[in-house]
Amino acid sequence: MKSGRFIGVMSGTSLDGVDVVLAAIDERMVAQQASYTHPIPLQLKKDILGMCQGQSTTLSAVGKLDAQLGILFAEAVLALLAKEGLSAQDITAIGCHGQTVWHEPLGEPAFTMQLGDNNRIAAMTQIATVGDFRRRDMAYGGQGAPLVPAFHHALLAHATEKRMVLNIGGIANLSVLLPDSPIRGFDTGPGNMLMDAWIWRNCSLPYDKDACWALSGHVNQPLLEQMFNDPYFRLPAPKSTGREYFNAAWLDKQLARIPGVTAEDIQATLAELTAVSITEQVRLAGGCDRLLVCGGGARNPLVMARISALLSGTEVCTTDDAGIRGDDMEALAFAWLAFRTLSGKPGNLPSVTGASRETILGAVHPVSSW
């Protein structure tokens, strides 16, 4: 496939909405044309969180959530098409990541589960849909994540400048794009996830807007050291994680060991944990001249300020400064991965995921004969 118009659909660990992006894509260029964020109903969000955090469930509940998410993702695509005055015939394919409810890359056997029925998306939109991107990489011994570094390299790598791309979603992940070196990428640990969980529990707010609550507190050093002592932070790459590990139950275990910390100081310490765990991994990966940040955490002034302070000598900016809207980065990546799949080209990077080989990713759900 030489070119086409693709739609990428992404619902990440932050659960702050379904991101939908339209882009014209060919071998040399990804040109974003439109974007839209579709709301996630509150009850559906609660159902997702319950499943992600290991609460007991049933096959019926899993199947129902899979169908509900397929419908939600299809509605998000249809809303974007209506907003832009487009029809199904204008679109080559959809690339849908799905909603991760469990990710266990070190299991025996390793597995990952993304819900959102791609058959339903294809049927409701009448657009060929590519999904289930992660499990083929796992079948070849990889972690199935992260997959976005290949896209970061295609768009943002530089011939001489040492660059890294940092996505701060619910989980933070880093793409290491150093000249004349293999591409690397991995999850550094919690991004917004723990901060969001804590402010939701205490203030019934979905996130700490402008870090106002965190800025009212102070970092508690014993608590920070207790949390940063978690074995995940010392694991070598390749490594990946998610809400099934860094969640409210994990936080409660840490707090039980350091009692008496005020709620606002806990929020400030969680922001510091995100910044420290990221910058430590940047240093261990060799450092960079320029750190390009995307995701919701790029709008957290405290986290961004701390990253800049901890990485003196590195220019810390957003991907918006490089011409790519940070909020759309991951959805755009899965539109690009759908293009790679339909072009018969590999989408994973063994140097990132640990897979034994490059491979074409995803399953294709057509709406007509090929």
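Each residue, glycine too, has its Cβ placed from N, Cα and C.
As written in Swiss-Prot, here are the features:
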BINDING   GLY12, THR13, SER14, LEU15, ASP16, GLY17, VAL18, ASP19  ATP binding site
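Feature map: Swiss-Prot annotations on the structure.
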residue : record           : Cβ neighbours (10 Å)
GLY12   : ATP binding site : 23
THR13   : ATP binding site : 24
SER14   : ATP binding site : 20
LEU15   : ATP binding site : 21
ASP16   : ATP binding site : 20
GLY17   : ATP binding site : 18
VAL18   : ATP binding site : 26
ASP19   : ATP binding site : 23
Given the ATP site GLY12, THR13, SER14, LEU15, ASP16, GLY17, VAL18, ASP19, its other Cβ neighbours within 8 Å of the Cβ centroid, in chain order, are MET10, SER11, ILE40, GLY169, GLY170
